[in-house]
Amino acid sequence: MTSEPMRRALALARRARGRTAPNPMVGAVIVKDGQVIGEGYHHRAGGPHAEVLALRQAGEAARGATLYVTLAPCNHHGRTPPCTDAILAAGIAKVVAAMPDPNPVAGGGLERLQAAGVEVEVGDGAAEAEALNRPFLTWARHHRPLITLKVAASVDGRVATRTGRSKYLTGPEALAYTHRLRREHDAILVGSGTLLADDPLLTDRGPGRRRDPVRVILDGRGRTPPGARVFRAPSPSPILVFTTAAPGIEWERAVFAAGGEVIRVEADAAGHPRLEAVLEELADRHLQSVLVEGGPTIHAAFLQARLADRWVGFIAPLWLGGPVAAPVWGVDTLEEAPRITFDAVRRLGSDVVLEGEIRFPAAGPAPAEVAAGRRKEGV
């Protein structure tokens with residue numbers, strides 16, 4: 001059960017979707033004698049935190065009031081002072097937090113408040129708060145970004161015509177939603193195959209305020225051409241090209257000269273950049289969510305490595321037919337198959353979009369455990 005003040009705090013937090021990274025989205029509401037006297041939300045990293053904005057609005061009336069906040073108040077000096085200082089100075093009597101802060105750097109706020117005599121309650125709206133900040137929580141708990149696989153296909157499951165044409169299978173409404181997804185993710189990732197086939201810009205070109213994600217290209221064979229459009233796009237967003245030692249220094253220099261940052265990582269058994277190493281590097285850069293827009297090969301790699309969290313599928317009202325693509329990975333039994341728990345199905349113009357959580361079978365370690373285990377082994 002979620003209280004009404006916490007519902008309001010969650011709604012406030014959602015206003016900043018896609019703008020707070022590497023910080024979480026946080027909303028706060030202050031209630032006294034049954035009335036809301038202050039509210040606020042964290043607008044962007046480096047800006048005032050939700051609790052501070054709510055306290056400013058409440059003013060002197062905050063003394064003796066109850067603060068509802070979607071994440072436990074921080075207790076460290078970063079770009080802003082600790083929220084616990086402001087809460088104690090304002091004389092707040094009770095703090096209701098939806099969930100504790102898993103970040104060990106920022107944590108300890110609830111304990112400090114309790115030690116100072118503030119009543120603390122945790123758990124109001126916990127499920128909604130978890131869902132709100134899945135990217136931040138995945139990064140804080142497992143040191144990897146949240147991975148969303150995005151695909152556009154015909155009703156018979158084809159992602160391209162028999163001649164290889166794949167651009168804009170879906171309509172303008174689906175394209176607009178794709179740009180919204182890009183805006184809400186910290187990075188967008190493709191393989192060199194998609195880069196060669198579609199020559200994409202990998203930018204947010206949706207309406208309103210734009211936010212280009214970091215552009216990530218996986219290329220273990222040095223196929224990314226320095227003249228690709230992604231290097232010419234008018235965007236300040238970095239371009240990270242992950243490769244192995246195989247392509248050689250001349251290609252790396254050409255990509256660097258075009259505007260890309262070349263990052264060498266170890267290769268997997270197939271000679272591609274090892275995904276665990278790629279995700280660890282992205283996490284080190286505080287990138288908390290990645291939209292994977294590549295084709296079946298790169299999607300299969302993430303699924304095989306059990307490193308995928310969400311799936312967004314756009315289904316176009318087309319029957320493309322043609323030969324079936326060679327399988328890149330598959331399962332032998334239904335019990336081995338990853339499953340999707342759908343949480344959203346809607347029409348977008350003439351297309352349908354389905355979204356859901358990817359669930360892997362119980363046998364074998366979970367995605368986060370794979371990454372964590374290999375880090376511990378020093379692979």
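Even glycines carry a Cβ here, placed using N, Cα and C.
Whatever TrEMBL says is automated annotation, not expert-curated.
Just one of Arg182, Arg285, Arg306 is listed by TrEMBL for the same substrate site as Ser166, Leu202, Arg205, Glu293, and that one is Arg182.
Largest Cα-Cα distance over the residues recorded as binding substrate, namely Ser166, Arg182, Leu202, Arg205, Glu293, equals 19 Å.
Annotation for Glu293 (substrate binding site): same-chain Cβ neighbours under 8 Å, separated by at least 6 residues, are Lys150, Thr178, Ile188, Leu189, Val190, Thr194, Pro200, Leu202. Distances between the Cα of Arg205 (substrate binding site) and those of the recorded positions Glu51, Cys74, Cys83, Ile298, Ala300 are shortest for Ile298. Between the CA atoms of Ala152 (NADP(+) binding site) and Ser166 (substrate binding site) there is a gap of 9 Å.
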